[in-house]
Structure formats: C-alpha cells, structure tokens
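Record features, source Swiss-Prot:
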BINDING   Lys99, Asp102, Asp107, Asp108  Ca(2+) binding site
DISULFID  Cys26-Cys140  disulfide bond
DISULFID  Cys48-Cys131  disulfide bond
DISULFID  Cys81-Cys97  disulfide bond
DISULFID  Cys93-Cys111  disulfide bond
DOMAIN    21-143  domain 'C-type lysozyme'
CARBOHYD  Asn65  N-linked glycosylation site
Amino acid sequence: MMHFVPLFLVCILSLPAFQATELTKCKVSHAIKDIDGYQGISLLEWACVLFHTSGYDTQAVVNDNGSTEYGLFQISDRFWCKSSEFPESENICGISCDKLLDDELDDDIACAKKILAIKGIDYWKAYKPMCSEKLEQWRCEKP
C-alpha cells in the first residue's frame with residue numbers, strides 16, 4: 001500500500017494542467033481588441049459588460065428564462081447557437097454552443113458582432129445599468 005501512494009501521486013502530478021478559463025481584465029481586453037469600436041462600442045464598455053455578464057469566465061453557463069447562455073459573452077441557445085437543450089434554435093451564428101466554452105475567442109467574437117449588428121449592445125442586460133458611464137475603471141493598466 002505504501003508504494004501505491006507515491007505512484008498515485010506521480011500519476012496525478014504528471015497529468016497536464018488545465019488552462020484557466022477565468023481571465024483578467026487585461027487578458028480580456030487584449031483577447032477582444034478586434035471588437036473595439038465595432039458598432040460604436042469601446043473596449044472599456046466590453047470589459048465592463050463581460051465582467052458583469054460572465055465574470056470573464058470562458059466556461060460560464062447560465063440557465064435563464066428557458067434558454068441557456070454560454071461562454072464569455074453569454075450567448076443564448078435560443079437564437080444564436082445550437083445546443084442539445086434547445087435543438088429548435090435558429091442558430092444565427094452557425095455554431096455549436098459548446099464552441100463558445102473554449103478559450104478560442106475568435107468564434108465568440110464573430111457571434112457577438114452578429115448579435116451587436118442585429119440587436120445592439122442592449123442584448124447584454126448589464127450594459128445600461130452598469131456600463132454606460134464611468135468606464136475608466138475598466139481600462140487595463142499594465143505595469
């Protein structure tokens with residue numbers, strides 16, 4: 001039994017580390033810089049919206065009003081992505097909702113741009129009450 005414990009620890013410690021999915025304000029700002037200014041929405045506004053929407057967690061999943069919202073941008077399976085929980089989705093973004101849960105954000109940003117073009121920033125409910133003014137706190141200040 002004594003030989004089993006060290007062997008077990010070696011096996012556990014040799015497993016690959018999982019990449020963190022909760023990002024910082026600066027990492028988010030850098031990762032989504034291509035959406036800055038799109039439809040008139042600044043990077044500071046996005047940093048605020050994403051903090052209040054998903055807590056900068058790329059794997060956030062929230063059930064809300066009969067649909068499920070996925071990822072950093074909290075994109076709903078009711079209209080925008082396809083999920084097994086809501087198979088009748090319009091899937092306007094043409095993407096599996098599961099793809100919105102990885103750390104590859106290009107597809108998330110492309111879908112967010114579609115939502116922004118169709119619905120506007122008010123799609124993200126945090127925008128008006130939390131992110132329409134006093135945005136300097138969302139600026140990334142790298143030392």
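Positions of Cβ are set from backbone N, Cα and C atoms, glycine also.
Feature annotations (Swiss-Prot) mapped to structure.
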residue: Cys26; record: disulfide bond; CB count, 10 Å: 13
residue: Cys48; record: disulfide bond; CB count, 10 Å: 23
residue: Asn65; record: N-linked glycosylation site; CB count, 10 Å: 8
residue: Cys93; record: disulfide bond; CB count, 10 Å: 23
residue: Cys97; record: disulfide bond; CB count, 10 Å: 25
residue: Lys99; record: Ca(2+) binding site; CB count, 10 Å: 16
residue: Asp102; record: Ca(2+) binding site; CB count, 10 Å: 14
residue: Asp107; record: Ca(2+) binding site; CB count, 10 Å: 18
residue: Asp108; record: Ca(2+) binding site; CB count, 10 Å: 26
residue: Cys111; record: disulfide bond; CB count, 10 Å: 23
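Counting Cβ atoms from all protein chains shown, Cys131 (disulfide bond) has 24 others lying within 10 Å of its own Cβ. Cβ neighbour count for Cys140 (disulfide bond) (all protein chains, 10 Å cutoff from its Cβ): 14. Cβ atoms within 8 Å of the centroid of the Cβ atoms of Lys99, Asp102, Asp107, Asp108 (the Ca(2+) site) belong to the same-chain residues Gly71, Ile95, Leu100, Leu101, Glu104, Leu105, Asp106, Cys111, site residues excluded. If you average pLDDT over the domain 'C-type lysozyme' (21-143) in this model, you get 94. Closest by Cα distance to Cys93 (disulfide bond), from the recorded positions Asn65, Asp102, Asp107, is Asp107. Of the recorded residues, Cys97 (disulfide bond) and Cys26 (disulfide bond) place their C-alpha atoms 25 Å from one another.
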